[in-house]
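According to TrEMBL, the protein carries these features:
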type: ACT_SITE; residues: Lys181; note: active site, proton acceptor
type: ACT_SITE; residues: Glu188; note: active site, proton donor
type: BINDING; residues: Asn101, Ser127, Gly128, Gly129, His184, Asn185, Tyr189, Lys257, Arg284, Arg446, His452; note: substrate binding site
type: DOMAIN; residues: 177-468; note: domain '6-phosphogluconate dehydrogenase C-terminal'
Amino acid sequence: MKSNIGVIGLSVMGMNLALNMADNGYKVSIFNRTTSVVDKVMKEHNHKNFSAFYALKEFVDSLEKPRRIFLMVKSGSPVDMLIEQLLPLIDEEDIIIDGGNSYFKDTIRRERSLREKNIYFLGVGISGGEEGARFGPAIMPGGDEKAYSYLSEIFEKISAKAYGEACCKYISTDGSGHYVKMVHNGIEYADMQLISEAYTILKTIGDFSNEELAEIFNDWNNSELESYLIEITSNIFKVKEGEKYLLDLIMDKASQKGTGKWTNLEAIDLGVDISVITAALNARFMSGLKDERIKAEKIILDNNEKSLAKNDINKKEIIELVKNSLYISKIVSYAQGFKLLSAAEEEYDWNFDFAEISKIFRGGCIIRAKFLNDISDAFKSSSNIDNLIFTDFFSREINLRLNDLRKLISMAVERGVAVSAMTSALGYIDTYKTPRSGANLIQAQRDYFGSHTFERLDKEGSFHYDWIDSYDE
Ligand code: NBP
């Protein structure tokens, strides 16, 4: 009997996805370049629905048609190499699926070149790490819609479920699934940085203990902030090693794997302000400069007396300020992520359904959160809006709390506590709601030194002015 699907790449993600598929009743052929890994998987998980293969040809021949071949290998050249190896072995209309974290432009290229050979290629964003892969990830499939119809049942079955719905929905053509996953990762960076800033303020300005922080985050997890990251943060505060809290022993250097960088490069390419996500990436870069930060503290002397004052803080008030500031800043980072998706839709000729995309993120992935329901509802009720923050629901949420964000940032700035992502969120809102900005001066300067011309408020057209010698010394 032929297998329903084949998985190539049996490292953490591939093995767990294969097990997930097998648990859901699908016959799965498995293959890995290093064949000893196949043996290891069969030894540890001799699933009745697995068929193990040590040669690519036999693996391919074991699959029912059209063949569904799921690659879960390291992104980059391994994907291209595998496609090259598979091409002589497969038939027209077979489907190659790349579930890795591939760069979306590679996916666009691969899809195009395989389409010319009448082979389908799906680029599928998968989120949720090892646990998600095994028991239900969030899945963002992009590519030919007909090809997806051969995978939709499997994907929906193995995906996470949230509020009774599968966290899997066809996104759009070619690289769109990997693109959405990339933006999701950028938002994840922002979410984590904002939580870390909330923690920093509560700890340094609020002087809260780890037990109190666990309690505060636990309370927040029963509010509009309810989310996986808030929940695990509350748990993290409680973990002790002997007398000491583990968190206090962890080096303050945050690492990264690169998808946050892609999101930012892409935003620059498309001219979209994703400042909260950018601030989160910069904060990771700066966190790596531990030695220089220790030096800087001794070189840049902050003689602001407020930086030491803790006794003028009302603890209850600061919790509320931080909570509201975290919530608004989170809204802004999601708004920026969706704004980037909106620009990408136009640039790459995709067709996104933001209400559905936000629903995919509700389960399986790191950014799962209750407020994704509100985002989905907001997009559903206001199609064709320019920005999530313009929707009735979110503009009201922001207006209710904006003063708190302003107050908290002022407090942090006065005391020299760095909260760059929250500050970026406030800057974004303030910039947005300024109908008459200072950009007129930039246009005048550009025209002065480079004759770049400018538009006027009082007349239509493009103008140049002979600035030199037309003013009094
Ligand atoms: P890795 O990203 O560590 O890749 C290891 C797998 O790639 C092994 O099966 C390896 O085979 C195979 N491989 C390599 Br490397 N070069 C190959 C080649 N030239 N031909 C064939 N196979 C090759 O595995 P992972 O952590 O399971 O992740 C898989 C994909 O999923 C990646 O794109 C990753 O970015 C993405 N992802 C990971 C996570 C996560 O939490 N880990 C989450 C979401 C997405 P070998 O055994 O012979 O070396």
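Backbone N, Cα and C atoms are what each Cβ position is placed from, and that goes for glycine too.
On the structure: features taken from TrEMBL.
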residue: Asn101; record: substrate binding site; Cβ contacts under 8 Å, 6 or more apart: Ser75, Gly125, His178, Lys181, Lys257, Thr259
residue: Gly128; record: substrate binding site; Cβ contacts under 8 Å, 6 or more apart: Gly136, Pro137, Ala138, Ala160, Gly364, Cys365, Ile366
residue: His184; record: substrate binding site; Cβ contacts under 8 Å, 6 or more apart: Gly125, Ser127, Ala138, Met140, Gly337, Phe361, Cys365, Ile367
residue: Glu188; record: active site, proton donor; Cβ contacts under 8 Å, 6 or more apart: Gly260, Cys365, Ile366, Ile367
residue: Tyr189; record: substrate binding site; Cβ contacts under 8 Å, 6 or more apart: Gln256, Gly260, Thr263, Ile277, Ala280, Leu281, Arg284
residue: His452; record: substrate binding site; Cβ contacts under 8 Å, 6 or more apart: Gln443, Arg446
Completion exercise
By the 10 Å Cβ-neighbour count, the most surrounded of the recorded positions Lys181, Arg284 is Lys181
Problem - In sequence order, those binding-site residues of Asn101, Gly128, His452 whose CB lies under 6 Å from ligand 1 - result: Asn101
Completion exercise
For substrate, with binding residues Asn101, Ser127, Gly128, Gly129, His184, Asn185, Tyr189, Lys257, Arg284, Arg446, His452 per the record, max Cα distance (Å, no decimals) returned as 50
Exercise for the section: Using DSSP reduced to three states, classify Arg284 (substrate binding site) as helix, strand or coil. Expected result: helix
